[in-house]
Amino acid sequence: MTGTVALIVCGGVLFASGTAMLLARPLTRILLGAVLVGNGVNLLVLATSGPAGDAALLYPGTTRRAHMADPLPQAFILTAIVITLALTAFLVAMAYRSWQLSGSDDVPDDIEDIRIVRRAAYAEERERLRATYRARRHEYRALAHEEEEREAQEHSAFQRLGKARDQYRELRRRVRAEARAFRARQARAEETAEESEGEDDPWQTILGADR
Amino acid sequence: MSGGGGSAAEVAAVLVPLPVILPLCAAGLKLVIGARLERVQRFISAAVLLAVLVVSLVLLVTADRHGPQVMDAGGWPPPVGIVLVADRLSALMLVISSAVTLCVLVYSVGQGMADNDEATPLSVFHPSYLVLVAGVSDTFLAGDLFNLYVGFEIMLTASYVLLTIGGTLARIRAGATYAVVSLLSSVLFLTAVGVVYAATGTVTMAELPGRLDDLPHGVGAVIQVVLLGVFGIKAAVFPLAAWLPDSYPTAPAPVTAVFAGLLTKVGVYAMLRTQTLLFPGNRIADVLMVVALLSLLVGILGAVAQTDLKRLLSFTLVSHIGFMVFGIALATPQGVSGAIYYVAHHITVQTTLFLVAGLIERRSGTTDLQSLGGLTSLAPLLAVAFFVPAMNLAGIPPLSGFLGKLGLLRAGIADGGALAYVLVAGATLTSLLTLYALAKAWNLAFWRAPTPEMSVVGTVLDTAEGASPEEGDDGDGDENGAGADGTSGGPGRPSEEGARQPAGDAPDAGGAAAWGRAAGPGPAGGGGGPGRRGRRGKRRAVLPAVRRTTATFGGQEITTSTTLPVSMVGSTVALVVFGLAFTVLAGPMFGLTQRAAGELLARTPYVEAVMQR
């Protein structure tokens, strides 16, 4: 194949610039990129057909068959042009619909991807917060433990105090009961003494007037 | 015909173009009919796909018995004209694809009827779907590289329409990603065709082997790498797979199912064809093996991280392409045979799983695993229909996934290279992780107790189906009038109003629109019925928690129901059974794939069938 360099260079430049535009976000730029890439690749395919020649049409009596251009790449290109046209129409419709719905024809990032990334960030944040929470809880538990111990000490002190008080009360109760009993006995003794005064007093009986 | 196939074979050769022509004719017919004659149209679609299935079966039998069947388009012989070739591999792919597309069509008809959404499916979905089927068939049958390119383009153009059907914002976004990536791959393919033509002077695949073998090593390698890149984008092999999980899940369930099942496998088929026929000797096996390993591992790790069932399945799809690339990279008869078997198995199982995901969405309004739950008790049939293909995909022993993986692993061990052993280990790890990812999905969606979203969504939208919207609105108006009277009429009325409540409240549950109306006059009703408002308030609080899905053809939120349409469940179950058939018929099936692999690696049957007639 001995084609012209111009075709190849031109096709290459179109292909490269088209690819660069395909990387843009707005669908209209992508559309232009697709058109450029399509035309670039068509030129490249045309370059494969070798040197230029006569039209590849076989009229009756055609003699210069040797000088005929290669028809096959032209058939490829015609097909490819039709396909590119269909895709261009589709992209235009899609860009218009996108603009109609969202007011811009940018291709946004995938929502679900962002959600997964956020989920990872959320998990990290949760882990961090959990660590903080664990440390705090540990501190709090230590504090609570101290408090409990102190309370327990106080409680036992109270208990000891209570026991002493109970013992004291018990003692006092017993002492008072004894005192009551003593007083009762004394009172009874005095009573009997008064009652039997003069009649049945043993001392009187024994001692008589000597008392 | 080289082998002297007899009259049966000659008849079969006439059948070769039918899988492409029949769907195209039907698509044209349907475009003319438009959105009328629903029954006739459904019948046409189903009948055409059934005919394609029958033709494919005949082709498979003939190709298996009498060698590749060849048909010259327009009567021009190969070096100039276009040939369509059906050898064992092509015919097998045709059978699988037509069986799967037929089931998905029946499913989609059921979905359209269930959504009361007939216009969009009939006027847009059916013609595009048939064109897609024609494109897929053309790709399988193409006998030259340029026709392969045209087949890809037919398929892709139809798939752009199917992916953006309904034209919602989410689908336009997904469609943009998909269209741009596919467009770039098409352009690269055309470039590759140009390079091949410049280097060899032909694009007929039967002529290419002889001429490519004579080329300098470097030129051949450039062509091989460019073609592999193109097919790698189509097949979603790891470094070129990022577009797939972003674009597939937003489409309606039947579309996603057929894309996931077929479109990526078309890329695998093209790889298989070119690697065996055009580039024998397996010069870049190491590259392919590394790519396969990365595909396997990165894909499945992506799947493990997902919380949405459809995206999880998309990532397992990317991952399992690695198995097939592994088989292609081995390029031994066992390896290629294993890859062919795995392609057939994977098309069926992946499609089934996406159809089941569509059914889950229909039952519960979402495929988000965090809000799903308790489906085993709510829909036992659905659970079985998910469990069997899921275990099949993960490769649990008696099922075909296990047999396919086993075949590939044995081929890898027979190969004996260090990289092959690494891949065997990676493939085993991948099947375990697949099992983990699918078991996680199973536990969340099916086994745990039903989440509050599940019951709420089901009941709310169930009543929406029962009561027509007009009735709901009327009941609502009466109810509010009574409420206003009750306040003005004094303490005697509220009890009467309380008695009327249930009657008025049932249509109230009709839908979001009815709540919106009821919310206005509600507070004005004063002491009319605190209990009633309380209940309404609770329902309204639940509503925003339900994630919006765009699952119908028109892109609206799906109407969930507890009773799933018979045709959708039927076609899904049919596909589950079809997947199980690979297990039952594993012996003959492996025999067929081994003969196909032998035919592919020998190269001469294909070349002779096309060139020497």
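Keep in mind that glycine also has a Cβ here, set from the backbone N, Cα and C atoms.
Within its own chain, the transmembrane segment (B:12-31) is flanked in space by residues 1, 5, 41, 44-45, 48-49, 51-52, 55-56, 58-59, 62-63, 66, 69-71, 73, 84-86, 94, 98, 122, 126-128, 130-131, 133-134, 137-138, 140-141, which lie at least six positions past its ends and keep a Cβ under 8 Å from the stretch. The transmembrane segment annotation in TrEMBL covers B:12-31 (among others).
Long-range contacts of the transmembrane segment (B:43-63) within the same chain, counting only residues at least 6 positions beyond its ends with a Cβ under 8 Å from a Cβ of the stretch, are 5, 8-9, 12, 15-16, 18-19, 22-23, 25-26, 29-30, 69, 86-88, 90-92, 94-95, 97-99, 101-102, 105-106, 109, 126, 129-130, 133, 137. Per TrEMBL, the feature transmembrane segment maps to B:43-63 (among others).
Positions annotated as transmembrane segment by TrEMBL: B:89-110 (among others).
The feature transmembrane segment is assigned by TrEMBL to B:122-142 (among others).
What TrEMBL lists as domain 'NADH:quinone oxidoreductase/Mrp antiporter transmembrane' is B:142-429.
Marked as transmembrane segment by TrEMBL: B:148-170 (among others).
Residues 145-146, 149, 152-153, 156, 159-160, 163, 208, 212, 215, 219, 222-223, 226-227, 229-230, 233-234, 243, 246-247 of the same chain lie 6 or more positions beyond the ends of the transmembrane segment (B:177-199) yet place their CB under 8 Å from a CB of it. Positions annotated as transmembrane segment by TrEMBL: B:177-199 (among others).
Look at TrEMBL and you will find B:219-244 (among others) tagged as transmembrane segment.
According to TrEMBL, the transmembrane segment annotation covers B:251-272 (among others).
According to TrEMBL, the transmembrane segment annotation covers B:339-360 (among others). Tertiary proximity for the transmembrane segment (B:339-360) is limited to same-chain residues at least six positions away from its ends with a CB under 8 Å from its CB atoms, namely 89, 92-93, 96-97, 99-100, 103-104, 107, 111, 252-254, 256-258, 260-262, 265, 268-269, 272, 309-310, 313, 316-317, 320, 323-324, 326-328, 367, 372, 375, 382, 385-386, 389-390, 392-393, 400-401, 403-405, 407-408, 445, 551, 564, 568-569, 571-572, 575-576, 578-579, 582, 589-590, 593, 596-597.
According to TrEMBL, the transmembrane segment annotation covers B:372-396 (among others). Under 8 Å from some Cβ of the transmembrane segment (B:372-396) lie the Cβ atoms of residues 309, 316, 320, 345-346, 349-350, 352-353, 356, 359-360, 363-364, 366, 402, 404-405, 431, 434-435, 438-439, 441-442, 444-451, 454, 458, 562, 564, 569, 572-573, 575-576, 579-580, all in the same chain and six or more residues away from its ends.
Per TrEMBL, transmembrane segment is recorded for B:416-438 (among others).
The annotation region 'Disordered' is assigned in TrEMBL to B:465-541.
Positions annotated as compositional bias 'Acidic residues' by TrEMBL: B:468-479.
TrEMBL lists B:483-492 (among others) with the feature compositional bias 'Gly residues'.
The annotation compositional bias 'Low complexity' is assigned in TrEMBL to B:500-521.
Within the chain, the transmembrane segment (B:416-438) has long-range Cβ neighbours (under 8 A, six or more residues past its boundaries) at 286, 289-290, 292-293, 296-297, 299-301, 303-304, 306, 312, 316, 319-320, 322-323, 326, 330, 390-391, 393-396, 405, 408-409. Most Cβ pairs within less than 8 Å of the transmembrane segment (B:219-244), among stretches B:122-142, B:148-170, B:251-272, B:566-590, belong to B:251-272. In this chain, the transmembrane segment (B:251-272) lies in contact with the transmembrane segment (B:89-110); the count of Cβ pairs under 8 Å, excluding pairs fewer than 6 apart in sequence, is at least 3.
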